[in-house]
Amino acid sequence: MPTVPAFSPIGLLTEWSLGPFAIVVVIAAGALFAWYVDAAIRVRAKGRSWPGHRIVTFGLGLLSIVYALAGPISVWVMRYFPAHIVQHLVLMIVAPSLLAMAAPVTLALQTARGTARRLVTGFIHSRFLHVITFPLVVVIAYYIVMWWFFTTSAIGFAMTHMWVMDLLNLLFFAGGVLFWWPLVGKDPIVHWRMGWGAKLVSLAFGIPFETFLGLTIAGSRTSLAPMYSLTDWTTGGDVLWGLSEMLTTLAIGVIIWNWVASEERQTRRMSRSREAVPLSSRQDGLPKEYYWARQVIERMPAGSPMYEEARSVLERIDRERPPETAR
């Protein structure tokens, strides 16, 4: 086993892996970023908008993968268990979230043609994706795999057979994509759409789990991987607990922010529709507020301010209209 350099601040910039797996990761990330930028330019050339912050977000997501699998983290992971924890969290939380917020599937659908478009469309509507994205399965598998890896001999075996570790890292990333895409992603979800409340519950479910797993590792009496000392192992448990809770809390904040923004957009749409009810829909003598209120009741969540206003409007109209128009 090659000698692993000790941690140093300058090493955060200079320690890079030159192994075959790392090189493939760098090439793949570069190709994906080039495709994304080219696709965004083509969308804008057609007169449609594509936010610049999504290009930045996608680039940061790819960069985080490169840094975790080919950068200093991938070097120090053979010596420091906290580095392994950071790598794990980057692949399962940070990178998938950033990529999801960049809406690459939407971009692909807007730019792909012919066979490429049919392949993308066929995949997102496939039975396979329908099965593997079932929310309960994704949430349970996401946390069970994490528990299995860090509390059994699996980590020791993988770390002494790096090709296994490379495959597991890809598995962790794929699990992170399935978990985070419906929670913070900007792409339309074809299968198993989750409401805002369900998204928050999915994240809240993991908080006690992450805490318990971190504390379990921190309280261990033996290290499960031969290259990590016991002190390093228990420190990694503290890092897992603290960093995962911080990232989960940040994600909850993002979801709440998006929820509020979504409600505000819906409220503005409903407000505009209040003045835009077609005359043809008002030929029965009912006021236009009636049709606006019915739309709001059908589309807005119960208990929201506009929902309550619409309900009050319907109650007032029911009281005021003559018996022959009552329904």
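Each residue, glycine too, has its Cβ placed from N, Cα and C.
Features reported for this protein in TrEMBL:
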TRANSMEM  20-43  transmembrane segment
TRANSMEM  55-77  transmembrane segment
TRANSMEM  89-109  transmembrane segment
TRANSMEM  129-150  transmembrane segment
TRANSMEM  162-184  transmembrane segment
TRANSMEM  196-219  transmembrane segment
TRANSMEM  239-260  transmembrane segment
Winner by Cβ pairs under 8 Å against the transmembrane segment (196-219), considering only 20-43, 55-77, 129-150, 162-184, 239-260:
239-260
Folded-back contacts onto the transmembrane segment (129-150), same chain, C-beta under 8 angstroms, at least six residues removed:
88, 92, 123, 158, 168, 171-172, 175-176, 178-179, 182, 190-192, 194, 198, 202, 205-206, 209, 213, 217, 224, 240
Range from 20-43, 89-109, 162-184 with the greatest count of C-beta pairs under 8 A to the transmembrane segment (239-260):
89-109
